[in-house]
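Enquirer: Okay, these came from TrEMBL:
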type	residues	note
REGION	1-35	region 'Disordered'
COMPBIAS	17-34	compositional bias 'Basic and acidic residues'
BINDING	THR88, ASP89, ASP90	Mg(2+) 1 binding site
BINDING	ASP302, ASP304, THR305	Mg(2+) 2 binding site
Amino acid sequence: MARMTRPLTTPSVAQQEQEREREREREREREREQVPFPLPGAARDALEGLALGDAFGERWFRRFRAPEEAAAQIAARITPQESPWHWTDDTAMALALVRVLTFQDAVHQEDLALSFAATFLADSARGYGYGMHRLLPVLAERPEGWREQSRTLFEGQGSLGNGAAMRVAPLGAWFCEDLDEAVAQAAFSAEVTHAHPEGVAGAVAVAAAAAIAAAGRGSDAPSGAELLEQVLAVTPEGAVREGLRRAAALPPETPPTRAADLLGSGRRIRASDTVPFALWSAAGHLDDLADALWSTAAGLGDVDTTCAITGGVVAARTGVSGVPATWLTRREPLPDWVGAR
Ligand SMILES: [Mg+2]
């Protein structure tokens, strides 16, 4: 039996704080170990890159700097000095989606509806669009009704917005060993909130690009046109696919501002005027995340979302360690369960 002893000295405040921090770390470890399907490295990288792009892109909106100032700073590659860079709905929904994958290794649509809804109710001030403000509180009450409810948006057509595309790159990386599975799971993930075929097609295209980027780790990157052709091959017919076809034909040296004019950079917040430009930019900078994000930001438009898409796809291949260290310290952290960068 251990002999009871009195401590010689009372722990200092600093020691007590250290002990509390060790206990918090043990708690985080337990949380990470509890999920049946731990986050694979490429999916974590895509999630980190998506959040970085989202937070970086958000800085170029008018509420932070005037459009002329934003354009000049992007052209001169002047990093925003303010801190922190908060991430927005793009990252919030990506986290909700990846969390479902860690429990099920697949998209179970009713559970995903509930995950999106719970994430929204926990923090609805992340810049969600009009459709999600209408839909997600309803799904919180009745997640099993997701199919009918998602179709009621936009006069019964379902949303053709870019919201299913903006959150899906980590899913593509998750299923990178099987492109057909990545495509199928991306479509399931989109339907829960974006029932219109164009909303689904945008998600399919982004997930496919991320899957191909992740699968190619350790080997030479395909050319931009090659990547876009592979994505085209699995994207359903429609306006998103047509935009990707035009993107694939665009010379890689095209200035990004010109590419944004030709392809659209999300000003209409549709998948079809967002995904082609974001993927063109990713495809042209598959080995350099910082270059990819500067290029995408130059297109302005729905710039948190274009940068979230580009960032998720490129980081699925590169990770985020190549960007300037200040970008990572300024970006709002992700929840502990995502794990270390
Ligand atoms: Mg956003």
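Note that Cβ sites are derived from N, Cα and C of the backbone, with glycine treated the same way.
No curator has checked TrEMBL annotations; they are predicted automatically.
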Enquirer: If you count other C-beta atoms within 10 angstroms, which of the binding-site residues ASP90, ASP302, ASP304 is the most crowded?
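Expert: Counting Cβ neighbours within 10 Å, the top one is ASP90.
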Enquirer: Within the set THR88, ASP89, ASP302, ASP304, which binding-site residues show a CB-to-ligand 1 distance under 6 A?
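Expert: From THR88, ASP89, ASP302, ASP304, counting a Cβ under 6 Å from ligand 1 as near, the near ones are THR88, ASP89, ASP304.
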Enquirer: Over all shown protein chains, what is the count of other CB atoms within 10 A of the CB belonging to THR305 (Mg(2+) 2 binding site)?
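Expert: There are 31 such Cβ atoms around THR305 (Mg(2+) 2 binding site).
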Enquirer: Would you count the other C-beta atoms found within 10 angstroms of the C-beta of THR88 (Mg(2+) 1 binding site) for me?
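Expert: The answer is 22.
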Enquirer: Using only C-alpha positions, which one of THR88, ASP89, ASP90 is spatially nearest THR305 (Mg(2+) 2 binding site)? These are the binding-site residues in the record.
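Expert: The smallest Cα gap between THR305 (Mg(2+) 2 binding site) and any of the binding-site residues is with ASP90.
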Enquirer: Quick one: which residues besides ASP302, ASP304, THR305 have a Cβ within 8 Å of the Mg(2+) 2 site's Cβ centroid, in sequence order?
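Expert: Output for this site, in sequence order: ASP54, GLY57, GLU58, THR88, ASP90, ASN162, MET166, GLY266, ILE269, THR274, GLY301, VAL303, THR306, CYS307, ALA308.
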Enquirer: Quick check: with THR88, ASP89, ASP90 left out, which same-chain residues have Cβ atoms within 8 Å of the centroid of the Mg(2+) 1 site Cβ atoms?
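Expert: Apart from THR88, ASP89, ASP90, the close residues are ASP54, GLU58, TRP87, THR91, ALA92, MET93, ARG126, GLY127, TYR128, MET166, ASP304, THR305, ALA308.
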Enquirer: Counting every protein chain present, what is the number of Cβ atoms, excluding its own, within 10 Å of the Cβ of ASP89 (Mg(2+) 1 binding site)?
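Expert: Cβ-Cβ neighbours of ASP89 (Mg(2+) 1 binding site) within 10 Å number 24.
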Enquirer: Whole-number Å only: compute the distance from the Cα of ASP90 (Mg(2+) 1 binding site) to the Cα of ASP302 (Mg(2+) 2 binding site).
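Expert: So the Cα of ASP302 (Mg(2+) 2 binding site) lies 11 Å away from that of ASP90 (Mg(2+) 1 binding site).
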